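The transmembrane segment feature in TrEMBL is assigned to 12-37, 49-66, 72-92, 99-115, 135-155. The annotation active site is assigned in TrEMBL to 125, 143.
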């Protein structure tokens, strides 16, 4: 009984962070889509010296890879769901509470992009960092959550290796 209670508590915390990540991602995408729909002809909103808000439909993965692949949306959704399942299994089997936040960020980000793929047939990207003529490929909050989650896991892994020396 104690194991079930602990597991349910872990899963509730995970689910809460996942829901918050999805909500933030989808709200920002909705705001961007709404703006660009109502301001037809606008290509970018200049936010700062190095940042624009743009609307990019990404049919592939990072940096537009696999954009032209037939059936890419189905394949990418299935791959994402497989990774999510693996992360959930890893999280449930682990006693390490430090995994909660990064795994929840990764799952929330992946689900945010899956929602786009199902809803629009592509992922909505809108954050455009640039310096002079170089523009980093556009991305969204879901992508940021995934990257931050992976970076946290990497830092934690390096810290554990250092502690075990």
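Backbone N, Cα and C define each Cβ position, glycine as well.
Where the annotation comes from TrEMBL, it is an automatic prediction and has not been curated.
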Alpha-carbon spacing, residue 143 (active site) to residue 125 (active site), which is rounded to whole Å: 9
Secondary-structure category, per DSSP, in which residue 125 (active site) falls: strand
Intrachain neighbours beyond the transmembrane segment (12-37), with Cβ under 8 angstroms and 6 or more residues off its ends: 45, 53, 55, 88, 91, 100-101, 103-105, 107-109, 111-113, 115-116, 124, 126, 140-142, 145
Near the transmembrane segment (99-115) in space but 6 or more residues beyond its ends, with Cβ under 8 Å, are 10, 13-14, 17-22, 25-26, 29, 77, 80-81, 83-84, 87-88, 90-91, 123, 140-146, 148-150, 152-153, 156
Tell me the Cβ neighbour count for residue 143 (active site), meaning other Cβ atoms within 10 Å of its Cβ, over all protein chains shown. 22
